[in-house]
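Enquirer: Copying in the features that TrEMBL gives for the protein in this structure:
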- LEU184, LEU185, HIS209, PHE210, ARG266, GLY288, GLN297: ATP binding site (BINDING)
- 61-166: domain 'THUMP' (DOMAIN)
Amino acid sequence: MNEMFLLKLGEMVLKGLNRHSFEDKLQANIHRRLNGLGRFRVYTRQSTTYVEPMEDSCDMDAAWEAMKKVFGVVGLSRARACDKDKDAILQACHEYLDDRLRSARTFKVETRRADKTFPMTSIQLSQYVGGELDELYPNLQVDVHHPELTVYVEIRDYAAFVHANPDPGAGGLPVGINGRAVSLLSGGIDSPVASYMIAKRGVALDMVHFFSYPYTSPEAKEKVLELARLLTPWCGHLTVHVVPFTAIQEELRRSCPEEMFTLVMRRFMMRIAQRVAKRCGAKALVTGESLGQVASQTMDAMTVTGQVVDIPVLRPVVGMDKEEIVQISRKIGTYDTSILPYEDCCTVFTPRHPRLRPTVEEAEAAEAGLDIEAMVQAAVDGIERIRL
Ligand code: ATP
Ligand code: MG
């Protein structure tokens, strides 16, 4: 074992949220993400979590990619281990950080010494390694105040480690530290991004998808499951609750004024999602609604759809432009799947002239003849749960 990862922990801002629960949750999440990649030791000291392989067969590249997607980590470095000897340390810097040493113009060396028996002080070692690197790389100049590159040397009990400027981490808070929410996942671009954004704030997710077979195809359902799968490196394991929605849509087409169809349908989605939330201990719903994007995403429409639930509806992309949402979806890797051309249940029976300023009274009138409870219960009873 001659390499390990150092993960720098992010904000711990919530009052009352103590450092230990943050670190414990993060460590548990890290262990889960490393599952199947080999045996690792994970421990935290002073706002840094160390991930050390415990066997040669550990897949370090896959583990590195996985660690970049762990919420709660602001920055991460790969570090090389070497003997606790000043020339072995210099050699390790030279070999392991060669690319970065060649491409920087200014640098400094910073040493941390956990092993106080090491024969040089931190400053002496930094000066020695810095001086030698300065000679070896004519492109480099020492700048202790604003260096482009900082070479870190750590003298620990059993080995020394060298590493350089960290890469950016996923940021946010460890998933699970802020409870659980149910995210309404369609096959579009917006809801996977919304799910990612809420997970980033430390929320574990369950997904609900409304499926209208045969109006929407098995491929459309597969696409949604694939989107959920693509989210698991960020969000952790997920359950997708696939709700049979055909009967409700057909009933609404029969009995509901066409211009109110979409809104009433969305009220059913909210009611059913709230049932799922109660069942899995979730305390909010998440949607990919963006203000004004379509007729059902106005403030009036949000009042009408939000009125049927008593838990908060989180809409993290509400203030974002489509282009901003697209950028995130590309970054997190869901875009290419989102744009596959399958129908969503929302595009089935779409009204030609949806109501633009709907009111709660109109929605209630449109629902007056319906046995809402029976319709919701039948859909909930038919849920298929898929664990990813
Ligand atoms: P998206 O890009 O997320 O599909 P959209 O711009 O197509 O959103 P709508 O179709 O109005 O917008 O849907 C708004 C939100 O309602 C979605 O972001 C999603 O959270 C939820 N939603 C829509 N259709 C479904 C569905 N079939 N299953 C689960 N949730 C859905
Ligand atoms: Mg959609």
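Placement of Cβ uses the backbone N, Cα and C atoms for every residue, glycine included.
Unlike curated records, TrEMBL annotations are generated automatically.
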Enquirer: Which of the listed binding-site residues (LEU184, LEU185) has the least company, meaning the fewest other Cβ atoms within 10 Å of its Cβ?
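Expert: Across LEU184, LEU185, these binding-site residues, the one with fewest Cβ atoms within 10 Å is LEU184.
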Enquirer: Rank the binding-site residues HIS209, ARG266 by the number of other Cβ atoms within 10 Å of each Cβ, and give the residue at the low end.
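Expert: Among the binding-site residues HIS209, ARG266, the lowest count of other Cβ atoms within 10 Å belongs to ARG266.
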Enquirer: Under the DSSP assignment, what numbers of helix, strand and coil residues are found in the domain 'THUMP' (61-166)?
Expert: 39 helix, 31 strand, 36 coil
Enquirer: Can you give the largest Cα to Cα distance in Å, as a whole number, for the residues LEU184, LEU185, HIS209, PHE210, ARG266, GLY288, GLN297 that bind ATP in the record?
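Expert: Taking every pair of listed residues, the largest Cα separation comes to 19 Å.
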Enquirer: Considering only the binding-site residues HIS209, PHE210, ARG266, GLY288, which possess a Cβ situated under 6 angstroms from at least one atom of ligand 1?
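Expert: Checked binding-site residues vs ligand 1; flagged HIS209, PHE210, GLY288.
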Enquirer: Excluding near sequence neighbours, so keeping only residues 6 or more apart in the same chain, what lies with its CB under 8 A of GLN297 (ATP binding site)?
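Expert: In sequence order, GLU289, SER290, LEU291 meet the Cβ cut-off.
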Enquirer: Taking the Cβ of GLY288 (ATP binding site) as the centre, count every other Cβ atom within 10 Å, in any protein chain shown.
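Expert: GLY288 (ATP binding site): 25 neighbouring Cβ atoms within 10 Å.
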Enquirer: According to DSSP, does GLY288 (ATP binding site) fall in a helix, a strand, or coil?
Expert: coil
Enquirer: Same chain only, sequence gap of 6 or more: which residues have a CB within under 8 Å of the CB of PHE210 (ATP binding site)?
Expert: LEU184, SER186, VAL243, PHE245, MET269, ILE272, CYS345
Enquirer: Please report the three-state DSSP label of ARG266 (ATP binding site).
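Expert: Where ARG266 (ATP binding site) sits, the three-state DSSP reduction gives helix.
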Enquirer: Averaged over the whole of the domain 'THUMP' (61-166), what is the pLDDT?
Expert: 95
